[in-house]
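First comes the structure, then the notes that go with it.
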C-alpha cells in the first residue's frame, strides 16, 4: 500500500505529522505538502512561475517533501512527475478547522484530495473541527480507521470523501455518519483597517454560521458528536435547469 499524503496548513503543521505517524504502519507513505500555509487556496495551480521541491532534513518532518506552491500544486506534481508509480490512495489533512458545507469550495485540504481524484486516485480529506489542535490524537485514530476500512473494502471506485472529525477525546466520539453537505449563511463582511502608512487594507471576514444544519448534514452529525463522511462529486451541472435554459435560448 502506497499513500500520498498532503495538506494545506503546510509541511510543519502538527496535523500532517500526526497523520503521517498514524498511517505509517499501513505501508509506504510519501509526503508532499506546501512550504507555507495555504488555507483557502481552493484548487488553484501556480502557473506564473516555476515550482521547487525541497526535503525536510530534521525533526518529525524529516523526509517530508515540500513545495513553494499550493496544495493542488503538490498533488499534481507528485502524480504527474515526481513519483515513479502512482499511489493507491491520496490523503489530505488533518486540517486545523472544519471543512463543511460551502467550505469545500474554498478549502485547500479538500482541493488536494480533489486533485488526486481528478487524476484517478481514490482520495480522502480529513479535517478536525475548531482550531488549536486539541484532541489531535483522537482525530488521527479516526483517520487511520477510515483509511484502513477504505483499503480493505473501498466504498465505491473511485471515491472522493470529505471527513470532518469532532474536536473530542476519542472515547467521546459516538461513531460515523454518512452525510450530505450542509449550508452556511453568507460570510461576515470584510474588515477594513488603516495601516501605519495611512493605506486602507481589508481582511476577509469570518465564515458564516450554519444555515442548514438539519439531520443528515455534516453540521448536524458533528454537532451530535459523530464523524461525518460526505461523498463528493465534481460535476457542478445544475441538471434540473437544463431544459429551462434550453427553452430560454430558443
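In case you wondered, yes, glycine gets a Cβ from its N, Cα and C as well.
Since the structure is predicted, the reported quantities are computational estimates derived from the model, not experimental observations.
Here is what Swiss-Prot says about this protein:
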type	residues	note
BINDING	8, 9, 39, 95	divalent metal cation binding site
Taking the mean position of the Cβ atoms of 8, 9, 39, 95 as the divalent metal cation site, which residues outside that list, in the same chain, have a Cβ no more than 8 Å away, listed in sequence order? 7, 10, 13, 15, 37, 38, 71, 96, 97, 107, 108, 109
Taking every protein chain shown into account, which of the binding-site residues 39, 95 has the largest tally of Cβ atoms within 10 Å of its Cβ? 95
Per DSSP, to which secondary structure element type does residue 95 (divalent metal cation binding site) belong, with helix, strand and coil as the options? strand
